[in-house]
Amino acid sequence: MPARVLDGKALAETMRVEIAQQVAAHVALGHRPPGLAAVLVGNVAASRVYVRNKRRACDAAGIRSWLYELPEECSSQQLLDLVAQLNADAQVDGILVQLPLPKQIDEQAVIEAILPDKDVDGFHPDNVGRLTIGIPRFLPCTPYGVQQILQREGIDTAGKRVAILGRSNIVGKPMALILMQKPSKAFPMGGDATVTILHSRSRDLVEQLRQADILIAGIGVAHFVQPEMVKPGAVIIDVGINSLEGKIVGDVAPGVAEIASAMTPVPGGVGPMTITMLLQNTLEAARIHSGLSPRETSVR
Ligand SMILES: Nc1nc2c(c(=O)[nH]1)N[C@@H](CN(C=O)c1ccc(C(=O)N[C@@H](CCC(=O)O)C(=O)O)cc1)CN2
Ligand SMILES: [Mg+2]
């Protein structure tokens with residue numbers, strides 16, 4: 001039997017309606033609508049599409065958004081000046097600097113310049129540190145989206161073997177931190193799983209992958225995961241977005257659907273959830289800025 005399709009697009013739509021209701025409730029309490037500043041630097045076509053989709057999703061949820069564009073050849077200082085302006089703007093709850101940035105820009109300096117309580121991507125070291133010790137403020141949107149797919153599709157992660165292919169700061173590392181975490185009041189999304197991160201230097205890759213109850217692929221190689229690398233009945237989450245022969249494909253080969261019990265499609269799986277979780281984080285930022293959410297929570 002082919003794998004059950006984990007329809008991220010449908011779940012993203014459901015969650016966006018829920019978020020719109022939460023935004024309306026927030027405004028009904030007398031608060032101003034949440035606001036997101038989106039920063040787009042240069043001419044990467046895909047980045048332009050993602051930012052446009054993020055702003056459309058904001059609009060539909062009742063979140064205000066503003067687009068700031070800088071030219072491809074801008075300097076780090078120009079971008080840092082813009083971030084400082086947005087940090088100081090009381091209408092702005094969240095700042096999204098779309099990645100990747102042009103090569104002359106010091107990406108890490110830009111990430112660190114964003115105020116941690118406006119860092120709705122969850123990339124600032126303060127937010128990464130909080131996630132690491134189990135008192136997160138904002139979870140990075142892609143792994144947060146994966147966690148929501150697993151939870152809302154009823155896929156229990158407690159005690160499961162999870163293999164994560166890829167060790168990026170945006171996907172692999174935060175994904176591991178979320179799924180290994182013991183759930184607590186401060187961190188209800190904790191997955192209680194046994195997590196293995198695999199990467200280009202990992203030995204016995206296929207054997208490791210074949211032990212996984214849940215396999216999360218985020219290495220950016222089209223169709224890297226082949227059927228013989230997967231344990232029969234495993235759950236497969238495909239975070240890859242690659243272009244192959246003019247089509248968008250994931251890191252997982254289509255034949256894996258014959259082996260797996262459930263699998264996210266590409267497109268229409270994790271991608272739409274990434275955008276949805278940005279809305280959730282922006283609402284959370286607005287709650288923080290209106291004094292509704294605790295800034296600090298203790299480890300339990
Ligand atoms: N500042 C950030 N930059 C980047 C992030 C991020 O979370 N924050 N993630 C990615 C890009 N990304 C969001 O920004 C993103 C990628 C893909 C999708 C998506 O919906 N993809 C579609 C398929 C692709 C397409 O049709 O063009 C899908 O999977 O269905 C959404 C968001 C890197 N940069
Ligand atoms: Mg990302």
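Keep in mind that glycine also has a Cβ here, set from the backbone N, Cα and C atoms.
The NADP(+) binding site annotation in TrEMBL covers Gly166, Arg167, Ser168, Ile241. According to TrEMBL, the domain 'Tetrahydrofolate dehydrogenase/cyclohydrolase catalytic' annotation covers 6-121. The domain 'Tetrahydrofolate dehydrogenase/cyclohydrolase NAD(P)-binding' feature in TrEMBL is assigned to 140-288.
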Entries of Gly166, Arg167, Ser168, Ile241 (binding-site residues) sitting next to ligand 1, with Cβ under 6 Å as the cut-off:
Ile241
What average pLDDT is reported by the model for the domain 'Tetrahydrofolate dehydrogenase/cyclohydrolase NAD(P)-binding' (140-288)?
98
Which one of these binding-site residues has the most other Cβ atoms within 10 Å of its own Cβ: Gly166, Arg167, Ser168?
Gly166
So what sits near Ile241 (NADP(+) binding site) in its own chain, CB-to-CB under 8 Å and at least six residues off in sequence?
Gly220, Ile248, Gly250, Val266, Pro267, Gly271
